[in-house]
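Record features (Swiss-Prot):
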- 5-200: domain 'ABC transporter 1' (DOMAIN)
- Gly37, Lys38, Asn39, Gly40, Ala41, Gly42, Lys43, Ser44: ATP 1 binding site (BINDING)
- 183-289: region 'Antibiotic resistance domain (ARD)' (REGION)
- 193-222: coiled coil (COILED)
- 245-269: coiled coil (COILED)
- 292-504: domain 'ABC transporter 2' (DOMAIN)
- Gly324, Pro325, Asn326, Gly327, Ser328, Gly329, Lys330, Thr331: ATP 2 binding site (BINDING)
- 483-547: region 'C-terminal extension (CTE)' (REGION)
- 488-543: coiled coil (COILED)
Amino acid sequence: MKEIVTLTNVSYEVKDQTVFKHVNASVQQGDIIGIIGKNGAGKSTLLHLIHNDLAPAQGQILRKDIKLALVEQETAAYSFADQTPAEKKLLEKWHVPLRDFHQLSGGEKLKARLAKGLSEDADLLLLDEPTNHLDEKSLQFLIQQLKHYNGTVILVSHDRYFLDEAATKIWSLEDQTLIEFKGNYSGYMKFREKKRLTQQREYEKQQKMVERIEAQMNGLASWSEKAHAQSTKKEGFKEYHRVKAKRTDAQIKSKQKRLEKELEKAKAEPVTPEYTVRFSIDTTHKTGKRFLEVQNVTKAFGERTLFKNANFTIQHGEKVAIIGPNGSGKTTLLNIILGQETAEGSVWVSPSANIGYLTQEVFDLPLEQTPEELFENETFKARGHVQNLMRHLGFTAAQWTEPIKHMSMGERVKIKLMAYILEEKDVLILDEPTNHLDLPSREQLEETLSQYSGTLLAVSHDRYFLEKTTNSKLVISNNGIEKQLNDVPSERNEREELRLKLETERQEVLGKLSFMTPNDKGYKELDQAFNELTKRIKELDHQDKKD
């Protein structure tokens, strides 16, 4: 395949802090590359380097004569002016209303920007977190658009399902360098786990060898010491013991050289501990039974009705998912509950409720301030508690005095979450809380919220997240709001999970086959496995069509 971008020994620094170094990678025509890594690893930075918005500290990036387009994570402004026919068509398919950009929902804003990027007919399309805010239907549409895109795509994402479905190659930013893998996200994670196990075994084997040789050296040193002592004490045998001592010294030097050579040959490093994030949200506030009661609530913007005559009650301790298509009014409903927007009907909120509201916005923080200034504390103990929490959330010590504007989008979301962790809210209202968060942070947030004893209202399109954290849902559809208990996964959903598992296995087999020839040992078995997996996936697709 044709190589369109080459990165050679690329390094990047911010204020003398190394983001990544010695990055070597290539982009082939037709690739769909998923960039993964923890918050602050430099994923968005790498996109901007490829787009030529930034210059590397070292190394070079060679781009063939290609057209590039970049769709960023978030933007404060956008214009519907000068639309191309292709862009108009995508906006219609995605049902994006052509009105003031600031009046659009988070999902509608993203779809408008994606439509512009996809319609530019670029040779290389760069997408930064393209699934944030997207509902299930829009996500599936985007996956199909990318699979049939007549060009190359590099995307940053923390969405496990999306990476499995769309990516043909993974770039993982770990330990300040880049690892390339041919296959999807799940295939890479299996490969990574095997690699870490092999590395750990090699390191342990090397350490045993070092211990063995060092024990022999210590034994020889003891003999040498004894021989030297005897050479000065025993009359008549001094020369014999002196020669013996010298011979032992020579053996020690020989062993030392052998050890050094063995270490040079092996150079196995211990496995870097997994990046982890730890936090917990406590509530100590006593509350009554009801948190919220909504009666006959109707909300419309001009002639456009979002929902009408909505009635539901939420008890303290309930964990409720708010779901619906992009633009259906999920964020508007949250704002009505919080009294930030008006509506017809009655909304009662428990006056004793201590509410924390995490918005979708990442620009509403004081960007010039540092965490030290934002979480200003009078006592040394309180300041230490905040710094300890930051460390558990994956921040470095230097970021305590770093302006928030220099932080990644995911790190900004964590800063907002910190406020609610510190204030011990008994009601959390979260609007797309997993947007921008890296995978370890998402998983830890899921675990924390599943054990949270307070009331939770969450808007999210991350089905894994909602399955783990909520037990009921408010469904906004057909201008109404219906409260439902979380249902048991349907047979169709189980088929979809099986299909995804089979696709992951097929990608893993394909990755191995790509490094082999038909004459290699094991090729025939892998090729047979690939064909069998393909057959099973087609059978599942056929069943879906029948449904």
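Please read every residue number as a count from 1 along the shown chain.
Even glycines carry a Cβ here, placed using N, Cα and C.
Given the structure is predicted, the values throughout are model-derived calculations rather than measurements.
Features per Swiss-Prot, on structure.
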residue : record             : Cβ contacts under 8 Å, 6 or more apart
Gly37   : ATP 1 binding site : Lys43, Ser172, Leu173, Glu174, Asp438
Gly40   : ATP 1 binding site : Gly394, Phe395, Met407, Ser408, Gly410, Glu411
Ala41   : ATP 1 binding site : Val19, Phe20, Leu173, Glu174, Asp438
Gly42   : ATP 1 binding site : Tyr12, Val19, Phe20, Leu173
Ser44   : ATP 1 binding site : Glu72, Gln73, Asp128, Val156, Ser408, Met409
Gly324  : ATP 2 binding site : Asp135, Lys330, Val475, Ile476, Ser477
Pro325  : ATP 2 binding site : His95, Gly107, Asp135, Lys137, Ser138, Ser477
Asn326  : ATP 2 binding site : His95, Ser105, Gly106, Gly107, Glu108, Lys111, His133, Leu134, Asp135, Ser138
Gly329  : ATP 2 binding site : Ser105, Lys299, Leu306, Phe307, Ile476
**Prompt:** Using Cα coordinates, what distance in whole Å links Lys38 (ATP 1 binding site) and Thr331 (ATP 2 binding site)?
**Reply:** 27
**Complete:** Whole-number Å distance separating the Cα atoms of Thr331 (ATP 2 binding site) and Asn39 (ATP 1 binding site) is 25
**Complete:** Counting Cβ atoms within 10 Å of each Cβ, the densest environment among the binding-site residues Lys38, Lys43, Lys330 belongs to Lys43
**Asked** Residues of the same chain, at least six outside the coiled coil (193-222), with any C-beta under 8 angstroms of its C-beta?
**Response** 248, 251-252, 255-256, 258-259, 262-263, 266, 268-271
**Asked** Across the domain 'ABC transporter 2' (292-504), what is the average pLDDT of the model, as a whole number?
**Response** 83
**Item:** Lowest local Cβ density among Asn39, Ser328, which the record lists as binding-site residues, within 10 Å
**Value:** Ser328
**Message:** Can you give me the residues near the recorded ATP 1 site, meaning same chain, not Gly37, Lys38, Asn39, Gly40, Ala41, Gly42, Lys43, Ser44 themselves, Cβ no more than 8 Å from the center of the site's Cβ atoms?
**Reply:** Thr45, Leu173, Ser408, Gly410, Asp438
**Message:** Validating a neighbour-count step here. Other CB atoms within 10 A of the CB of Gly327 (ATP 2 binding site): how many?
**Reply:** 21
**Request:** Identify all same-chain residues not among Gly324, Pro325, Asn326, Gly327, Ser328, Gly329, Lys330, Thr331 whose C-beta atom falls within 8 angstroms of the centroid of the ATP 2 site's C-beta atoms; report them in sequence order.
**Result:** Ser105, Gly107, Asp135, Leu306, Thr332, Ile476
**Message:** Suppose we draw a 10 Å sphere around the Cβ of Thr331 (ATP 2 binding site). How many other Cβ atoms does it contain, all chains included?
**Reply:** 20
**Asked** What is the separation, in Å, between the Cα atoms of Gly327 (ATP 2 binding site) and Asn39 (ATP 1 binding site)?
**Response** 28
**Item:** Distance from Ser328 (ATP 2 binding site) back to Asn39 (ATP 1 binding site), taken between C-alpha atoms, in Å
**Value:** 30
